[in-house]
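Engineer: What follows is a single structure, and I will ask about it in a moment.
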Ligand SMILES: Nc1ncnc2c1ncn2[C@@H]1O[C@H](COP(=O)(O)OP(=O)(O)OP(=O)(O)O)[C@@H](O)[C@H]1O
């Protein structure tokens, strides 16, 4: 069956200043559960967008009701040998942890404690009814993915290693965490003790948007082992509380939080890309690009998968809500085959025949929602035109309105049985940069939030409703333009098969980045993002390429080459100018007289990145910019260098991309040489393969300022 996707709208919290609720549950007349999420078109309040899900739970839904409807029915299957995966997805502060973990009071308990309670109860029942012949053991493992590293939550934090636990692919195709501890759990009390202790190990820290924000993805695995005589049946329930995406411009996040946030946003972005790739039927699903997606292996795991989309009802989350509705709607299209885990015989090594392995590994199904009532009509329609792209989600407006002029307006909805009443207000995409919309307009408990819901008072420095409207308008315009640009590309161009040579080259780079253990984590991360951007670009997916380049930017702050790529892509997609995270106030135009700080950078804000400066990049860069200036280098010196024989030799050596040759330069060791070559492969090669000038070379990470001077001067000796 396809992944079951349900939405839960949380109630307003007392402290929340934005009381303007715009998200509501609909559909499901005559006592049937709701199936539609409705919210206004951000560009036209009188018109509604609707998204269809398997079920929709409104603000009044209790923890008990949600569990009874969505989780309890799968307990039986779990004991029949099926694996069950439950995961909560949504923007920060929308209620994921509340849904999964809940509060301490009995009525507030979330899905996880209720699941365990159900497991123990059913286990006892089975033992009782079998007259003691069948015994049921429960074992737990609990871990988090923090900054793309896996940490065991059942072990004290002192035992953590810097790199975390490695992942391993099993013969069955499943990805597992190597070296994870597992604890036997006798009863609910046992579980609660373990769970509370483990949660204290979980990295949560206060952010401005959510005072108890989860900064990691938490994964609880409950293994159920049923033994009858000499047969053993194992199945696993996984409950996953994903960290929420957030916008750093709104959260006042400090250095550490920024890095965390980048990791969280990246993994969630990869998840949305995987969902999209599966629903499109792509051959390559980018699971490998984040540990969370490797572990989740959406669509590859057998069994039953339920995705709970958490939503906040307020207007201040409007664009974020649209974005997560888009992603979740696509997830409905992922098919998971329900395959029972085999019974194995005690003492006999478990047989995993290749046939079984192959059968267990899920072939990815592009359009697998024959089970999804909303898609039946579309599935039929699709047959007529197999070349047409699969429309990834259903959204229709509720009010007949004038057709809009965007290119999107004429596209038919493909997976909704609902009548599309208006072609207006097509959905924004979830994967363009603009589609993880800014929370600029999100008020929570902050002052800004007040200004959102209260009219602007005279003389105050607040944002007026019209300003906000304009911001939303602009953002939506960007999103629509990006989508329109993407849609304008002919299908053959949208997903071309990469040439074998390019594919091989990219795969080799991917393997290398993964295998270089010596490499700084942040450096690897930055390179991975560049690689992902490169892959997207090769495939003609400019929007995804842009997103990846933008995410790589904090790892290579101020890099002219990278900024150029971003600017070009933004222009191509019809998006506005880039908003630089680097404070514009410290950015000055380079003048004839360029001032160089003692050990490195140019003053124009285009700080370079060398191996040592990868972490903590963003703040370090600003700190560097504040340092006193001590040396002044005149432009004529640069001009002379450009035309000197040393300059030409330096370029020649760098352009050779030969690690051994580059290492001969003064001040460049093995690591730096390798990092340079990788960077050149990713950034320069696609533009013709050459660093054309010394000025360009000075903007290559690791080759700015002093590193450049040393290498250059070394050639003069
Ligand atoms: N259904 C609900 N009923 C009552 N309160 C709720 C509900 N859902 C969420 N809340 C409250 O909203 C706040 C934010 O919820 P929560 O921490 O679960 O969000 P989250 O999505 O897990 O955020 P993050 O991703 O930042 O961890 C909490 O105070 C929580 O108690």
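Numbers run from 1 along the shown chain.
Just so it is clear, glycine is given a Cβ too, placed from its N, Cα and C backbone atoms.
Worth saying up front: this structure is predicted, and the values here are computed from it rather than measured.
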Engineer: Looking at 348-405, 406-463, 464-521, 522-579, I want to know which stretch TrEMBL calls region 'Disordered'.
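Structural biologist: Feature region 'Disordered' in TrEMBL: residues 406-463.
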Engineer: Between the candidate ranges 290-309, 310-329, 590-609, where does TrEMBL place the region 'Disordered' annotation?
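Structural biologist: The range carrying the region 'Disordered' annotation in TrEMBL is 590-609.
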Engineer: Enumerate in sequence order the binding-site residues 91, 94, 95, 96, 97 whose Cβ-atom distance to ligand 1 is under 6 angstroms.
Structural biologist: 94, 95, 96, 97
Engineer: Provide the number of Cβ atoms within 10 Å of the Cβ of residue 92 (ATP binding site), excluding the reference atom itself.
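Structural biologist: Taking every protein chain into account, the count is 27.
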Engineer: According to DSSP, folded down to helix, strand and coil, what is residue 93 (ATP binding site)?
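Structural biologist: Once the DSSP labels are grouped into three classes, residue 93 (ATP binding site) ends up as coil.
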Engineer: So if I draw a 10 Å sphere around the Cβ of residue 91 (ATP binding site), how many other Cβ atoms end up inside it?
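Structural biologist: If we count other Cβ atoms within 10 Å of residue 91 (ATP binding site), we arrive at 28.
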